[in-house]
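Novice: This is the structure, below, for whatever I ask next.
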Amino acid sequence: QDEGKWDFVLVSDIHEVGSEKEMKRKKFLDELRNKGFTIKKIKDEKLFYGLRAPSQIFQKYQWLLRNPESRKKNPDVHHDIPVTTRIRIVDFILQNTETPDLKEKLKDLVKKNVFEDSFPLHEKGEVREFLKQKWARWRGLCHHQPIEKIRCYFGEKVALYFAWLGWYTRLLGIAAVAGLLVFVSGITIFSSSQVSKEICEANDTIMCPLCDQKCPFWLLSDTCTYAKVTHVIDNAGTVLFAMFMAIWATVFLELWKRQRATVVTDWDLYRWDEEEEELALALINDLQHKPQKYQHSYFHSTIVLLLVLVMIAVLIGIAHALVIYRVVATALFTQSHFELLHEHANMVAMMTGAVLHYITIVIMTKVNRKVALFLCDLEKPRTLSQHENNFTVKIFTFQFFTHFSSLIYIAFFLGRINGHPGNYVRIAGKWRLEECHPSGCITDLFIQMAIIMVLKQTISNVFEYLTPWIRHKLSKKNQCPKKRSMMLGEEAEDPCKKQWLKNYRLRGVNTFSLFDEFLEMVIQYSFTTIFVAAFPLAPLLAFCNNVFEIQLDAMKMMRLHRRMVPRKAKDIGIWLQVLEAIGILAVIGNGLVIAITSDFIPVQVYKYTYSPCMMENSTGMDCSIGYINHSLSVFHVQDFEPHTKVPETLPGFPEPKIKECRYRDYRNADDYSYTVQFWHIFAARLAFLILFEHVALCVKLIAAWYIPDVPKSVKNTFQERKHHNLYKRLSKMEYSTDV
């Protein structure tokens with residue numbers, strides 16, 4: 001065994017001799033010595049304790065978890081154990097060693113400041129140098145990832161993360177190209193859409209004021225550019241793209257299952273049992289260990305469920321607060337003396353609301369983490385993997401509502417619950433709810449998603465990388481005086497001290513460091529699939545982000561962060577179920593966006609029911625002619641609420657006094673009740689939603705059936721192994737019978 005190598009380092013403040021903390025530290029280290037650990041102490045700005053586990057521990061591990069057949073064949077053979085396995089075993093023993101008197105574990109001692117931290121070391125070696133030079137550099141951008149070497153250095157869990165991220169990014173390229181084509185095709189009809197043409201030519205269509213005080217009547221043609229932009233997004237290609245993304249999400253997951261099966265078979269982990277491994281480590285640490293029984297408490301589950309619902313209610317309440325902000329901001333901006341704010345009050349309120357939404361995401365992410373951890377502690381999970389699964393489900397649920405509550409409001413409620421002129425729905429009886437543009441609400445959703453995705457992916461990545469990078473550079477700068485003093489002839493440092501200090505000054509990691517990377521990508525996957533019908537550029541943004549994300553993660557792990565404790569894994573865990581759930585939500589979400597948010601259904605109903613094409617010969621005629629006039633209702637100015645102050649005329653308009661104005665809805669002009677057209681469109685929306693979701697889900701099921709989860713090569717490998725083992729057993733039996 002190499003005497004210069006150490007498995008782990010414990011860090012402690014320099015406590016006063018004879019103090020309680022010093023005594024607790026001594027007792028814990030004595031327990032480790034009793035287990036055969038070699039401990040080396042180095043004193044600097046802190047106390048550092050290097051730990052090396054005895055070889056007997058690793059022999060026990062190999063004996064317990066080796067293949068039974070190879071154990072019978074070579075009972076005394078001892079092979080070198082991988083460094084990742086050494087670190088994992090030592091970490092388990094460290095975390096589960098207890099002081100003899102108070103039964104305090106390492107995490108308890110860290111909370112009481114007896115120890116500051118513990119970490120494995122980045123050690124020089126062929127694998128690390130290869131990863132630093134070939135992988136964790138910008139020149140490694142878009143190159144094939146060395147998954148096998150990542151596994152050798154960081155363990156299977158990190159290797160599977162990078163394998164999944166690489167696979168996701170590769171297939172995201174296909175979705176990005178498709179989304180870009182849909183967007184570009186929308187741009188080609190920028191000025192040719194009949195609906196946007198009608199809006200641009202509606203120079204005599206007077207629209208109702210957008211607020212109660214000081215807001216003028218306005219001409220529909222004033223929003224010509226906005227209407228053209230809307231129809232870049234809201235066109236027939238959007239429907240096809242939404243269906244394509246539903247199929248893409250299924251194919252991606254099915255192909256990943258195949259890829260994962262191939263990878264873990266190569267690692268001989270396909271049928272690895274995580275529970276057996278944890279029990280083996282527990283017995284190696286303490287031969288008297290008794291396995292914790294499976295338990296379920298309906299009382300605890302009920303309490304946790306109620307607290308989760310309360311937290312979700314809080315997150316929805318925050319979304320309501322953002323709605324109130326936009327409503328109040330719109331009212332204030334329309335009364336502003338600045339012409340830009342006054343003319344574009346709705347747009348400015350929406351964009352500032354999106355930035356505010358991003359800020360709430362940043363803040364609530366920290367709150368959600370603390371709440372999710374508290375709820376997990378209430379459940380008292382039996383194992384680390386169970387704890388991670390419980391935490392994953394809760395934090396994803398909270399993050400989903402944090403990110404999407406406001407988007408759900410914009411997509412499905414904005415402009416649909418605000419009432420109508422003369423009878424508006426108001427907040428606190430004062431501020432009117434927002435309205436949609438006459439060409440639809442889908443542009444609002446597009447802008448909101450674009451701002452959040454761009455801010456989240458750029459700012460988050462910049463801070464995620466720059467914070468540890470700046471800290472690393474500052475720590476290196478602080479080391480310069482010590483290097484100069486050594487050059488002047490002072491006593492040479494212990495090489496271990498230099499290495500341990502260098503690792504200590506890197507950014508700390510914990511059990512959830514890799515979890516954070518997964519969570520970031522899964523939230524991104526949600527943006528890429530759930531509302532992609534409103535934002536076809538989402539896959540392109542995600543693809544560009546991921547190309548850099550892979551390199552940033554590699555550089556962080558290799559150069560700026562301490563070494564993660566390697567974890568064994570045969571899949572990406574419960575994240576796969578989360579991704580499958582997102583796939584189903586994507587079908588529902590996109591179906592709702594097309595049916596409710598988009599103007600696709602109202603236009604189709606008009607074309608095939610009310611358009612001129614249904615009344616006369618339609619040869620060479622665009623059947624959407626007259627749609628805008630058909631989709632606007634008439635309001636009599638005399639029916640405005642008493643406190644509403646509107647001008648009697650419109651500057652530059654020939655009519656001396658305005659008696660009527662138009663607004664987006666399907667209502668009768670006499671009593672403002674819904675027209676027959678409204679109910680026709682409502683029925684068509686419902687029918688389309690049912691049809692779209694059933695077709696999309698059927699296609700997903702067919703794709704899942706068509707692409708087997710496990711490749712035939714993997715099945716054949718296991719079949720050959722079974723056959724070989726059975727043949728050997730039968731041969732041995734016949735040989736013993738003959739003798």
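Sequential numbering from 1, following the chain as shown.
Cβ atoms are placed via backbone N, Cα and C, with glycine included.
Remember, TrEMBL labels are computer predictions, not curated facts.
Keep in mind that what you see is a predicted model, and the values were worked out from it rather than measured.
OK, TrEMBL features for this one:
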type	residues	note
DOMAIN	84-147	domain 'Anoctamin dimerisation'
DOMAIN	150-720	domain 'Anoctamin transmembrane'
TRANSMEM	158-184	transmembrane segment
TRANSMEM	236-256	transmembrane segment
TRANSMEM	303-325	transmembrane segment
TRANSMEM	345-364	transmembrane segment
TRANSMEM	391-414	transmembrane segment
TRANSMEM	522-548	transmembrane segment
TRANSMEM	572-596	transmembrane segment
TRANSMEM	682-707	transmembrane segment
Novice: Are there 3 or more C-beta pairs under 8 Å linking the transmembrane segment (391-414) with the transmembrane segment (303-325), counting only pairs at least 6 apart in sequence?
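Specialist: Yes, the transmembrane segment (303-325) and the transmembrane segment (391-414) are in contact.
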Novice: Ranking 236-256, 345-364, 522-548, 682-707 by the number of C-beta pairs under 8 Å to the transmembrane segment (391-414), which range is first?
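Specialist: Against the transmembrane segment (391-414), the leading stretch is 522-548.
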Novice: Please spell out the DSSP helix, strand and coil residue counts for the domain 'Anoctamin dimerisation' (84-147).
Specialist: 33 helix, 3 strand, 28 coil
